[in-house]
Amino acid sequence: MDDASVLKYLQENPKLVEDFVVSNEISPETFKRWAVRRTMKYKNVKNGTSGGTGAWTEPDLSMKRRVILETSDNRTRILYEITQCCGQLIGTNSIELIVQNDEGAFSCRKTENGELKLKKVKTSKSADYIQTIVNAGNQTIAEIHFYTQLDSTEKSIVNAVCTWAAATNYYSELYTHKQEGSDGQDIHENIAKQRKLSNFLLDVARSIFHDIVSMDAVIIKVMNFAQKLVDADRASLFLVDSKNAQIYARIFDVGTGDEEHVRVNSEGQKEIRFDMSKGIAGYVASTGEGLNIENAYEDERFNADVDSKTGYTTKTILCMPILIRGIVIGVVQMVNKHDGVFTRQDEDAFEIFAVYCGLALHHAKLYDKIRRSEQKYRVALEVLAYHSVCNADEVNKLKKIEINNRIVELETIDFNGMRLSELEKPLYAVYMFKTLFADTLRFDTEDLIRFVLTVRKNYRRVAYHNWAHGWSVAHAMFATLMNSPDAFTKLEALALYVSCLCHDLDHRGKNNAYMKTMSTPLASIYSTSVMERHHFNQTVTILQQDGHNILKSLSSEDYKKTLSLIKHCILATDLALFFSNKAKLNVILDNNTFDINRQEHRLLTQAVMMTGCDLVASAKPWNIQTETVKVIFEEFYDQGDAERLSGKEPIPMMDRQQAHMLPQMQVGFMRGICMPCYDLIARIFPKNDKMRERCEYNAKKWEELAEEQRKKQEALAQQNGEANETQE
């Protein structure tokens, strides 16, 4: 019977094959080998590679044992065999060995004649799993890159093999050194020193993020370890002042004879300065090359004056640069090794150390710079706070003015705030606060006056979004709360009134779109509702000033709740948010599911109330409405002018050249935003229907003006057409 017939028979009788494979006729070792071959074949097909199980999966490993013994002095070959072993154990050829040494990372490949070739890695492929191999000093000497998925068991196998391999590599190197006549104790000491260096480098890294107090603290740490690292008697660290071509040190021993070089810098700190053209440290700073001098007095760059003054004898010097991105930022000079001269090993150790201490010095320098900037910022903030809060004379002047117990005219939306003087507005703002909260909230009257006056001072003198507008919106909320006293809790009413008074603090007369388009600093701080978030932060800043916290009598919980409500209310004045709030409320009201006691419904109601009060000019008597619209559009035109100056075309509403379209634009604004807002408020609070009625009246008046303007435009166009015909 030929092979084909046997294969056909087995395919037709799979149960017979299965029974035979799992029977005692097949040894466990053979079964396992078959399973490995099957797994490897599956992985190779999946990854588009081919290959067998390999010598490492065979029962007899004597050949591999001989290879390891014969190549024990060849680290690269040992690492290659480890890689092949790992690949064959988990059944994949999709692996790559990356060997690391002082010159960089190299990919290891086996040529057709069996030789190993190293190729510099420029760009590494993305591996599914990377297993590192480290030496006794915990330094990475190789990586095995797997370009196939490994499960947890396979990863454990690879990790175990590489752990044993790392230990084997150590003993292999130890054996090689002994064969060459090296002292094994030296190797142990070298490994201990490497471990010590690694631990310190970790310590330096920690200090960068945790222990940085000042540049001086980091310098002392660097000097102390540099001295211990190479077993030097003394160590000095000089920083480079490239602007003045000098090196300087702030940490020094005045007993070394350097007193004549001591200067006091602009910050009142003592420091030693030398020209970079002088001395050994200057040479290293200028060239970026390290110097290992066995006899200082034989080097012409050495200045022996210091020794003659102090009686100290300099013998050996190791002077090394500290670099960041190839630029020398400092120089460490180590003097007189305790035992002999500085070695190449000392130089190598310091080169590694220099990378980390360069990073530490760089961060410390940044820290010092940030700390100085912070101090300047605090001074500036202190000066700003002084000039942005009201003074004692203003407070005393307002305190002395007597006011009626009740001002009935303030309780209607029709009240004209434009006729109030600059003194009366804050006086009436205080009155409205007291009227609303005198019976339910403990507050200091002087703090309240101070708060209101400072709020006034922090509104900018722009055409519309100024103190007069803030006062008008607060008055609208006052009138609304007086007409619906039970609609909100006292904390909610407090948040609503304070929010209205402060809702446009520090407004610059430009909208959010302008802030984002022009990439202003505020737009970089806040991603959404730019100005509204700034207004809220300004409110909090004022509340935090001494003698301004009108909420200080609240409990901690109530204070947090009130601040949260103030933030919610001020952000709600962003008209971009109104449309989603309107849509949600309309659905709730249309479905007859509105419940003022539900938190979600209350927040939506408060948001729409804020919008209604912010737009209150559209619900004022016609004469107040027209006067307000003039200043609104003047501010719009100012923004449009600024946009045009920067090369951008403003929208028609902000284009001064489209001023004749004002009535038509107002109709769109009144019908598209104002009326829907007041319709919602009237559905929730029928007593506040007057705002809707007044807004409807004003909208019709604007429609009449828009129609008149349209007729004028048509007549003018007709006249121009007739004139052109006459000329022809």
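Just so you know, glycine gets a Cβ as well, placed from its N, Cα and C.
According to Swiss-Prot, HIS503, ASP504, ASP614 bind divalent metal cation 1; the candidate from HIS469, HIS475, HIS534 that the record adds to this site is HIS469. Other C-beta atoms found within 10 angstroms of the C-beta of ASP614 (divalent metal cation 1 binding site) number 22, with every protein chain shown included.
Of all the binding-site residues listed here (HIS469, HIS503), the one with the fewest other CB atoms within 10 A of its own CB is HIS469. Under the three-state DSSP scheme, ASP504 (divalent metal cation 1 binding site) falls in the coil class. The DSSP secondary structure for ASP614 (divalent metal cation 1 binding site) is helix.
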